[in-house]
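S.K.: After the structure tokens below, expect a handful of questions from me.
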Amino acid sequence: MVAPIPAKRGRKPAVATAPATGQVQSLTRGLKLLEWIAESNGSVALTELAQQAGLPNSTTHRLLTTMQQQGFVRQVGELGHWAIGAHAFMVGSSFLQSRNLLAIVHPILRNLMEESGETVNMAVLDQSDHEAIIIDQVQCTHLMRMSAPIGGKLPMHASGAGKAFLAQLSEEQVTKLLHRKGLHAYTHATLVSPVHLKEDLAQTRKRGYSFDDEEHALGLRCLAACIFDEHREPFAAISISGPISRITDDRVTEFGAMVIKAAKEVTLAYGGMR
């Protein structure tokens with residue numbers, strides 16, 4: 001993993017090289033804030049960013065919350081420091097091009113595929129759209145196997161990775177998300193009742209893994225567990241997917257234990273904490 005560049009303390013406020021007005025000025029300021037967060041040791045306080053930018057705290061906060069709404073930055077930890085968001089992957093591939101996470105994860109995904117005999121995926125959380133995005137995959141060798149495109153999106157309420165993420169939210173956050181996004185029915189098994197979904201999420205927290213039982217596609221089952229960063233925040237999930245003929249009722253617990261173990265390995269290797 002590439003060592004993060006420590007934040008430079010006491011940096012003089014930035015001085016614009018050319019005059020800028022309106023939205024262009026706001027865009028320039030926002031991009032500079034994004035760069036400084038990326039150069040930090042993981043997260044930066046609002047006051048430090050404001051000092052670096054030579055802006056009032058209120059203006060800096062407004063720029064950050066705008067980028068947060070689009071998923072480019074996120075708040076982490078009890079102090080609410082600012083860190084890079086996963087949506088950077090969608091527009092600039094910075095999340096993927098660094099190769100740090102994938103270099104750590106891919107061997108673990110391959111081992112999990114060999115152990116389980118099923119296709120294994122890794123997805124990250126896109127906080128702006130509240131969807132899970134597949135960024136890596138190791139397909140099994142069976143003729144009948146699950147296949148999803150890299151960059152493909154998974155619904156939060158009807159996928160293993162999505163429900164693993166949802167289970168880490170508070171009930172208030174889940175309620176707010178469901179009110180905004182709704183519960184689309186993909187199959188007859190999709191959980192379209194908020195009450196039933198919340199009951200399922202409670203079971204996910206208790207087990208340590210989520211279980212998509214033909215809720216996104218008929219005949220397909222998926223189990224997933226979250227990966228956590230250094231702030232104990234979930235940012236990715238590992239999943240095992242396969243047909244119901246192979247992921248049978250008597251093997252669900254076995255597959256669940258496998259995916260929990262793999263997720264813990266990645267969390268530890270990535271320097272995260274649970």
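One-based numbering along the chain as shown.
Each residue, glycine too, has its Cβ placed from N, Cα and C.
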S.K.: Name the residue, out of ASP126, ASP136, ASP200, ASP212, that Swiss-Prot lists for the same glyoxylate site as GLY160, ALA161, CYS222, SER239, ILE240, SER241, please.
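M.R.: So, going by the record in Swiss-Prot, that would be ASP212.
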S.K.: Which whole-number mean pLDDT does the model give the domain 'IclR-ED' (101-272)?
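M.R.: Summing pLDDT over the domain 'IclR-ED' (101-272) and dividing by its length gives 92.
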S.K.: With DSSP as the yardstick, break the domain 'HTH iclR-type' (24-86) down into helix, strand and coil residue counts.
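M.R.: Output for the domain 'HTH iclR-type' (24-86) reads 37 helix, 9 strand, 17 coil.
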S.K.: Counting only residues 6+ apart in the same chain, whose Cβ is under 8 Å from the Cβ of CYS222 (glyoxylate binding site)?
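M.R.: Listed in sequence order: MET146, SER159, GLY160, ALA161, PHE211, ASP212, HIS216, SER239, ILE240, SER241, GLY242.
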S.K.: Among GLY160, ALA161, ASP212, SER239, SER241, all listed as binding-site residues, which has the most CB atoms within 10 Å of its CB?
M.R.: SER239
S.K.: So if I draw a 10 Å sphere around the Cβ of ILE240 (glyoxylate binding site), how many other Cβ atoms end up inside it?
M.R.: 29
